[in-house]
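Beneath this line is the structure, given in structure tokens, with notes to follow.
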């Protein structure tokens with residue numbers, strides 16, 4: 001069996017095209033959607049992610065205000081900037097690129113963002129609303145996974161979903177979304193304390209790999225015909241590349257393609273969907289703040 005490759009880049013491009021039409025409509029009413037992006041330090045991966053996000057914003061007609069702060073920035077300095085952006089009515093969303101330098105507590109930073117501008121969906125208020133099924137900003141990567149499944153026609157009702165990874169950014173919120181009535185899957189979340197992991201993953205109709213370990217999920221951990229969603233983005237050394245590295249996922253891709261019925265690649269799988277959902281959340285924020293919903 002050769003798995004269908006789920007083209008996240010194409011689906012994300014279609015979504016951005018739809019968003020661009022909505023942006024034109026609200027710009028005609030005098031609203032310019034704007035996202036504040038804060039990058040602390042010079043981490044190359046973070047710089048690359050920020051570039052991808054700002055490029056997507058510009059593509060759909062949104063503005064960004066990017067703040068590049070030195071590695072030595074203190075927590076108080078960052079919180080002061082966030083307070084100013086919270087009060088700025090021309091800023092619809094605030095994104096602080098993670099990870100942050102060790103002297104800054106990421107939880108304190110996330111909690112400082114106005115929940116109405118929390119387009120990442122990480123603020124405790126928005127996490128609570130998500131858990132209760134209330135309307136809120138949905139974390140971008142989990143939302144992107146759900147959108148991919150729906151757009152590719154994957155049947156989720158009654159499906160056994162196994163998520164490997166329990167992070168606050170992906171695993172936990174995705175488990176909630178999978179249980180929602182519009183998805184209606186039966187969910188198992190695996191982690192470092194899970195016993196007999198392969199026995200669990202081989203039960204999955206839909207297997208989501210989100211633990212941040214390169215090629216951790218092997219072909220013998222996948223049920224024949226399962227749909228595999230690879231959330232991982234890992235840099236591994238590759239002397240043949242100009243950059244000196246290449247990106248791989250949490251799934252051992254080529255062997256998995258012989259077992260799965262469909263699979264997301266890395267790159268051009270879940271990653272573009274994450275950015276598209278960030279852009280979508282920024283549009284929602286701009287509409288809400290200007291009474292245009």
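Cβ from N, Cα, C; glycine included.
Copied over from Swiss-Prot, here are the features:
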type	residues	note
BINDING	165, 166, 167, 192, 233	NADP(+) binding site
In three-state DSSP terms, the structure that residue 167 (NADP(+) binding site) belongs to: coil
Helix, strand or coil at residue 192 (NADP(+) binding site) [DSSP, three-state]: coil
Distance in Å spanning the most remote Cα pair of 165, 166, 167, 192, 233, given for NADP(+): 19
Around the Cβ of residue 192 (NADP(+) binding site), the count of other Cβ atoms that are within 10 Å: 8
Fewest-neighbour residue among binding-site residues, criterion Cβ within 10 Å, set 165, 233: 233
Conformational class of residue 233 (NADP(+) binding site) under the three-state DSSP mapping: coil
